[in-house]
């Protein structure tokens, strides 16, 4: 197998592993608040929104040290251990206890920071400036296939149910735990950097992936990774991209947790309201997969760069927000267990609700594939710190969004996303134009990115 084929193999294994883990985790996040609402008349008194706020809050703080962790233990082992913690979090729902639920939320926040930093490093070292766009799209399409499979099961398993029984809950979460563990095991198939490097190729990322047995050497790499994270945080490009990243954190919260809860709370959807949560997740996944696959395939022939894709993402999301504003009751995100009988500006339509799910997924893939691509392109030699900063900003904004989702009506949540999304698009354009100018100065072909 040629070095290029081995690198593509690594990207595919990375994507499939994430697909399994996030089939479990994203399905869990999509149904968590609905399941917990059905538990709150027992001894369990947790909140899905609060749990996600803890996860993303810890996630954001942990990104400050995750490059150091990856430098010490290596990206492969980092992803394996992180996958185990994801499985433990999901397993908590089999027999929920409030203390275990919130404790697991803290640990998965730490694990998530390490997992995504290692993923960004693995993606970058298996790509170059000609393949980073394709590989970002392939990875994203495989990752977001997770939304399809888990939610397809929820749709059929919960068809016609207005209450989630203890048996229903245990069956779902035992299955999700096993699926997460399968994805964790698959990380062992990823070939190490030295196995995929072409003869004579410089190892520009040996500070992260080196296998030195010297403890002093590992600590040196850890300190260097931390210093690079701090230094990169204050560069012009990272500060501008942080606005775009902040938007992805806000809309991630909305489509992965809040929107499903809104659908499940609308009583006018009748007995289908709970199964529609699964169908919504499926169509979010369809949008994500379509976007990731399409932008991955087109990246080699895209003479205009990344900006048109990001513009498409903004337009698609704004259309979705407009339709959701008209279709969903304003109190849907914070409705009690009995749901809401309120009406917005139209009679709630299942078809419009599911169409908006597709638009949310498609728009999210536009932003995230292009952010992954531009970070891998700009910071090919500092990938772990750069991706750690990306996840730091994204996760802290997601934590804030999950916190205010407990209190804000739908209209205010949509307004916040519209404002941040608009400015995030402008700042991304600025960085992309500067990247294009730098590439032209080097005499490279801009369409190759």
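Glycine too: its Cβ is placed from the backbone N, Cα and C atoms.
Quick look at what TrEMBL annotates:
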type: TRANSMEM; residues: 7-26; note: transmembrane segment
type: TRANSMEM; residues: 46-65; note: transmembrane segment
type: TRANSMEM; residues: 100-118; note: transmembrane segment
type: TRANSMEM; residues: 138-158; note: transmembrane segment
type: TRANSMEM; residues: 170-190; note: transmembrane segment
type: TRANSMEM; residues: 238-256; note: transmembrane segment
type: TRANSMEM; residues: 276-297; note: transmembrane segment
type: TRANSMEM; residues: 309-328; note: transmembrane segment
type: TRANSMEM; residues: 386-404; note: transmembrane segment
type: TRANSMEM; residues: 410-431; note: transmembrane segment
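Comparing 46-65, 100-118, 170-190, 410-431 for CB pairs under 8 angstroms to the transmembrane segment (7-26), the maximum falls on 170-190. Beyond the transmembrane segment (386-404), the same-chain residues lying 6 or more positions past its ends with a Cβ under 8 Å from any Cβ of the stretch are 49-50, 52-57, 59-60, 63-64, 66-67, 109, 112-113, 116-117, 119-121, 124, 229, 232-233, 238, 241-242, 245-250, 252-254, 257-258, 371, 375, 378-379, 413, 416. Taking Cβ pairs closer than 8 Å, the transmembrane segment (46-65) reaches residues 29, 32-36, 39, 96, 98, 101-102, 105-106, 108-110, 112-114, 117, 226, 229, 249, 253, 257, 261, 388-389, 391-393, 395-396, 398-400, 402-403, 405-406 in its own chain, all 6 or more past its ends. Relative to the transmembrane segment (238-256), the listed stretch 410-431 leads the set 100-118, 309-328, 410-431 in CB pairs under 8 A.
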